[in-house]
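As written in TrEMBL, here are the features:
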ACT_SITE  SER149  active site, charge relay system
ACT_SITE  ASP226  active site, charge relay system
ACT_SITE  HIS274  active site, charge relay system
Amino acid sequence: MALKQVSSNKCFEGFQKVFEHDSAELKCKMKFGIYLPPKAETAKCPVLYWLSGLTCTEQNFITKAGFQQAAAEHGLIVVAPDTSPRGCNIEGEDESWDFGTGAGFYVDATEDPWKTNYRMYSYIKDELPKLINANFPTDPERMSVSGHSMGGHGALILALKNPGKYKSVSAFAPICNPIQCQWGKKALGGYLGSDVSKWEAYDATQLVKSYPDSHLDILIDQGKDDQFLSAGQLLPDNFIAACTERKIPVIFRLQQASCFGNPCLLGCFTGYDHSYFFISTFINDHIKHHAKYLNA
């Protein structure tokens, strides 16, 4: 499958690149970012797949997260795909910020008119890794997955639906129980139809209840002052309870603000939210988490 290089920038002795290709799964052109660490010039490297959230493209993570230095130090290739098909000329695809363009939700749609193009689950699970492994110096047996918000949901379900495929999984502020939140109900209902039992196949809290193994070390960071946490869109407590019941290890870190003096001068303890400022603060911890397993 032909790749077209869109951009290339030297970064921490490696290269941050963006490519475009024709996707057979999504039936449109797709872009992805890929960071190639200096180690990739002489050896095959493990791959970390990063899945972004609602409204994002391949650009958000590669320009805002600041992961490249840690990826270079640990010898990780990092792949950041787009979040949905683009330009499919589907009626209504651009009407909402939380459905359609930029909001593929990492599912394989079964409902018209979405089912022909909106197959992000299969794209991320199968097509994209095959493309990456065929064109870059990767070790196909060593890959992990991470993501933010909708992408955190994607990372969790990919790991839980495919035991052993990913060496590790982590997430920032993931949508943990989409069948119970408004974002999830809108997306899953639109892409999969009204049968809620079909939604459960893409819900991390439901999937973990039948996960066949305990060998999955999950890291989740959540900002205490995340506006979507307080709005009931993320529901991490439901996921943690399900993991605890199944004895599946999960490190959940509720990140709070610190006081360095008079709190009134610091916005009265305004803490970590849902933004890339939050992600960039803790991304090195997640790179290290994955490197521990990918470089074992």
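Positions of Cβ are set from backbone N, Cα and C atoms, glycine also.
Counting in whole angstrom, HIS274 (active site, charge relay system) lies 8 from SER149 (active site, charge relay system) by their C-alpha atoms. In this structure, the CA atom of SER149 (active site, charge relay system) is 11 Å away from the CA atom of ASP226 (active site, charge relay system).
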